[in-house]
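Novice: So TrEMBL has the following annotated:
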ACT_SITE  E97  active site, proton acceptor
DOMAIN    19-140  domain 'Gamma-glutamylcyclotransferase AIG2-like'
Amino acid sequence: MGMEVAAEEEPKKKCRALIFTYGTLKRGFSNHNLIQDLMLTGDAVFRGAYTTSESFPLVCGPYRVPFLLNIPGSGHPVTGELYAVSAYGLSRMDELEGTSRGHYQRLGPIRVTKAAAAEEADDDSDDEAEAEAEAYFADRSYEMELWKKSGKLGFRWYGEKEAKGYVKRKDRPQNLSFLEHIRIFLSSSTDQ
């Protein structure tokens with residue numbers, strides 16, 4: 001029995017960073033397989049559906065890729081999923097999000113609260129009703145242009161409707177970097 005308790009506590013010890021996900025890392029979306037792999041190794045633990053306490057713009061860029069913009073007070077409170085993640089899990093997520101290549105930046109803390117529907121579903125949950133987490137925001141080098149391109153309108157969540165037309169990374173033109181795709185999107189007169 002002692003071994004079982006230790007095994008159950010291990011992921012909680014390893015997973016110290018809280019990451020708020022709002023786009024393709026969420027359940028049911030194309031990049032969630034990374035989170036699933038991390039959960040299998042104890043490097044990520046699902047904490048529940050949460051909403052940002054403050055409003056932030058959530059917009060789509062090229063290929064319907066979602067971006068959270070670090071413009072507090074604009075947009076809406078955004079609903080997503082909260083994960084506790086290990087240092088290894090963070091490094092894998094940073095790699096996916098291109099933090100070293102200027103695609104996204106991991107920022108925080110942002111305050112999140114348990115989403116209303118989630119509270120009703122797990123009244124006996126030991127997860128906190130409020131937490132401080134980090135999130136992946138669009139890199140500041142292009143975030144204001146992305147906000148203007150969206151008509152300064154954002155979403156409350158990234159769901160099936162918002163993701164319609166999303167193109168997976170492997171299906172995008174490979175001869176251009178992601179930042180080049182963003183630049184082309186921002187300079188075009190129509191949404192891609």
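Just so it is clear, glycine is given a Cβ too, placed from its N, Cα and C backbone atoms.
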Novice: Within 10 angstroms of the C-beta of E97 (active site, proton acceptor), what count of other C-beta atoms is obtained when all protein chains are considered?
Specialist: 19
Novice: Over the span of the domain 'Gamma-glutamylcyclotransferase AIG2-like' (19-140), how high is the average pLDDT in this prediction?
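Specialist: A mean pLDDT of 92 is what the predicted model shows over the domain 'Gamma-glutamylcyclotransferase AIG2-like' (19-140).
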Novice: Using DSSP with the three-state reduction, classify E97 (active site, proton acceptor) as helix, strand or coil.
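Specialist: Once the DSSP labels are grouped into three classes, E97 (active site, proton acceptor) ends up as helix.
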Novice: Using DSSP, how many residues of the domain 'Gamma-glutamylcyclotransferase AIG2-like' (19-140) fall into helix, strand and coil, respectively?
Specialist: 32 helix, 47 strand, 43 coil
